[in-house]
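Taking it in order: structure first as structure tokens, then the write-up.
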Number of protein chains: 2
Amino acid sequence: MSHKTDIEIAREASKRPIQEIGAKLGIPSDDLLPYGHDKAKVSQAFIDGVQDRPNGKLILVTAINPTPAGEGKTTTTVGLGDGLNRIGKKAAICIREASLGPNFGMKGGAAGGGYAQVVPMEEMNLHFTGDFHAITSAHNLLAAMIDNHVYWGNEQDIDVRRIVWRRVIDMNDRALRQITASLGGVANGFPREAGFDITVASEVMAILCLARDLKDLQKRLGDMIVAYRRDRTPVYARDLKADGAMTVLLKDAMQPNLVQTLENNPAFVHGGPFANIAHGCNSVIATTTALKVADYVVTEAGFGADLGAEKFMNIKCRKAGLAPDAVVIVATCRALKANGGVGKADLNKENVEAVKKGCANLGRHIANVKSFGVPVVVGINHFVSDTDAEVQAVKDYVKAQGSEAILCKHWAKGSEGIEDLAKKVVQLAESGSSQFAPLYPDEMPLFEKIETIATRIYHADEVLADQKVRDQLHAWEEQGYGNLPICMAKTQYSFTTDPNRRGAPEHHSVPVREVRLSAGAGFVVVICGEIMTMPGLPRVPSAETIRLNDAGQIEGLF
Amino acid sequence: MSHKTDIEIAREASKRPIQEIGAKLGIPSDDLLPYGHDKAKVSQAFIDGVQDRPNGKLILVTAINPTPAGEGKTTTTVGLGDGLNRIGKKAAICIREASLGPNFGMKGGAAGGGYAQVVPMEEMNLHFTGDFHAITSAHNLLAAMIDNHVYWGNEQDIDVRRIVWRRVIDMNDRALRQITASLGGVANGFPREAGFDITVASEVMAILCLARDLKDLQKRLGDMIVAYRRDRTPVYARDLKADGAMTVLLKDAMQPNLVQTLENNPAFVHGGPFANIAHGCNSVIATTTALKVADYVVTEAGFGADLGAEKFMNIKCRKAGLAPDAVVIVATCRALKANGGVGKADLNKENVEAVKKGCANLGRHIANVKSFGVPVVVGINHFVSDTDAEVQAVKDYVKAQGSEAILCKHWAKGSEGIEDLAKKVVQLAESGSSQFAPLYPDEMPLFEKIETIATRIYHADEVLADQKVRDQLHAWEEQGYGNLPICMAKTQYSFTTDPNRRGAPEHHSVPVREVRLSAGAGFVVVICGEIMTMPGLPRVPSAETIRLNDAGQIEGLF
């Protein structure tokens, strides 16, 4: 058992030149645009050239509801990719990019953990290949063009009180949440209330992750609603002629990034939309490209399966024409104990009864995922404190649900520790048993879609919403947005909207506070509770200790 | 004579892989961190390893006062680099990076022109290698840490009315010039006035361009004054422990970028500080590195020689221990006519008398540059409308000043058109006649330094300044900042502070409106007139026409 930290392990990695990693997937050097020696973007020409190939198998990794104990969803995604390669499958991983700003608040940022990581870790948590900076630029160019349009005569008759397009910055900066802009006199425009979100909350990020290609990207950017006129009609980004320049700024950011695992297997790391006000998956272009060059593609979705897998299925797969061949639900004994009511201090003590109690949470996720028509296996991400009796309790429970739970030791052992899960995944995927279908049809009315998710996935009795919310949904239906899927924004800690209700609660209600239209991304955001789109820094931000040491290595970031 | 546009010529370039370009300077592939196939950063390890080598010759390209006619300073810098290579010298070019934001306002952005350009032009005018994004991030992290410090108890007793550290964005956005931040209640902090500058105006940019290495960078970042306490003592970035994390964010941005000219000669493109509130030169680390690997390094300074060359000599050379071996002053017949009083509409008509009259401007720049002890040659950047009589008038005038003017046709012919200038530069540089010395010693009082620049470079009779300004300068002298050089911020269009006074005016006064201390960059900014640090977009921004065409090429940017 290793006692090394993630960053120590990552620094010891024997990275191979990225051209070698690309070669494993048949991507020629000329089609890899290198960023340093260990990162590259895949050229559009290559992507265009592989469109006629058949797809590999798509494996989704999701999890039970997150707890402070940690589940290790990314670690398992990375480990499973390595495990599949180990048993002779040509497998690639698809995960999200990290946001820069939050790293300067709390320590964080590994991509995986232990011996199941993606490298180079430092770069992936800093500027990486600049994708998020490009998104920030494109987003803020549009913002500047809106105020500039008003400044020079406001031909579109924009109601300055109804500009809905905020600005973004990839930084935790609470001072920018709400501002008054255009102060200082005539030369600076018309004073109005404005504000900044963090870049990952930008609709541009969601669009980049859902667009099929640059043409689709530009169309979606043009479709975004940025303001309303005095007559209440929407002003689109296209009306301000911003979509072309935004696309130019995003041209390189649209290309998927290729890096590698500690075991030198290919990993696509691309895009990173919020998992609450957006859909929380890596980019469609990375996933679809990976499916053309690999036999197996392992990807993950944000938060627990109630939010992440649901959106993966109902938004990403629906929009991109994807269908998962198998789903892995990650659980840990610790997290099941936490779901069973055990406090953080007692998580390392054996408590089989608490594990059994917590399994109710796992059980509902299994049933939910199966309801999409896809086969499920549970991966138990092993922690050193787990006892045999606890692990057996999980296995027994899952077996009773008609599925299988497999113990995985990839964190400590890399691919060797996850061979069994890899074999099971292959068996499920190659059985052809997947009969994937989204949960609801496009043509279902918006409010019914919300009810369908709430009752079938959350096991709620009802959805509560003001007439104002219902009227808004009806109005969008009349404007032609009724066929959009729903993007739920609720707490990730519970099936309910109350973060303290663990396990598998029944007989609860889902109150809808607000609905928002992401017309470019192509979904209706349903907000149930407080959603923070601009974090702040803590009292002692990690930025205070982040520095280069004498060897030129980064200290304090992890 | 070509009728192709700059971008058409640039797109026809036969670019070589960047590793080949590095090889011309003896930089091994492993020490080039590629960004795509045609851009790379030079590794710190390589830079460390060449420090003991002797320096090549340093050639500064500067110009007469800019006019709407255009002078072609960058074009001549690029052309001269190619010309030196053509006559058998191992030469490299060092120029600045372009700012992203302004490209979406007015068309712009070529690096050189005609057959004297640096490529890839598109990338250099978009995100390039991400340096400016890194500077934006580092700058704004510090801003967030200041407000966060106040939010969590304000241990440093910062006077929120005296926070001098603004935020930056690489975008023309007048709405952000002046804002009220931290609105919206207790969770968002203490409301206060704030604002944004464009990224190139950041002191972090100036520091990146003056720092010798990462250690020096961190020291300078720590030295920056961000606010004042209630007792009026300065709060440094170091007091907020921001310098380490900022250095981490700037780690890659500190590495010089290598690209190539149309003739496949090496060009370092790195850093881009404002030429008014900062010193307007490319980075010290790029120039010093180039001097270790090339026999000739051709670089340029912002605006005309009164601002650009003066700051190059008194700030950059002084701080970095550099000494130019020869200086090229670029002039065009058109710009001399403009200096001689001809309006834009009449610039294409022969007017020998106006050329002669305008030569007074050129003459003063020649004398000024010579006063630094360096040999001078004038490069006449040929335009199609120039007549032989006009060119001869310039040559005769310059000869009477004891120097030589050489006609250059690099714009139309590439290196072939600038061989004569290249040979003359070699002759001057190898003559060993340069006896470079800055204009004033470190220990001269600050106000006397201002007077020295104003009287000796601008030929002003006097410097006008309120007692408040003089008191401020004295206070800084008492705090130990008296040894800093001066960074003048005045109009680039005239030797005076009145942009309409062309030629070589005498008997004028230099009124100082304000002085600012850039304690990290290490200079005192002296502001004479309005200085715009956040541009706005025009009525019809070029962003409205920028787009990708069907071939995936960028339209409208140039």
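Every residue gets a Cβ built from N, Cα and C, even glycine.
Feature annotations, reproduced from TrEMBL:
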type	residues	note
BINDING	B:T67, B:P68, B:A69, B:G70, B:E71, B:G72, B:K73, B:T74	ATP binding site
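Feature map: TrEMBL annotations on the structure.
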| residue | record | Cβ contacts under 8 Å, 6 or more apart |
| --- | --- | --- |
| B:T67 | ATP binding site | B:R334, B:A335, B:A338, B:N339, B:Y493, B:R502 |
| B:P68 | ATP binding site | B:A338, B:K344 |
| B:A69 | ATP binding site | B:T332, B:R334, B:A335, B:K337, B:A338, B:K344, B:L347 |
| B:G70 | ATP binding site | B:T332, B:R334, B:A335 |
| B:E71 | ATP binding site | B:A63, B:I64, B:V330, B:A331, B:T332, B:A335, B:N381 |
| B:G72 | ATP binding site | B:G113, B:V330, B:T332, B:N381, B:W411 |
| B:K73 | ATP binding site | B:V61, B:T62, B:A63, B:E300, B:V330 |
| B:T74 | ATP binding site | B:I95, B:A111, B:G112, B:G113, B:E300 |
Binding-site residues, contacting chain A; criterion Cβ under 8 Å; candidates B:T67, B:P68, B:A69, B:K73: none
DSSP-derived class (H/G/I helix, E/B strand, else coil) of B:K73 (ATP binding site): helix
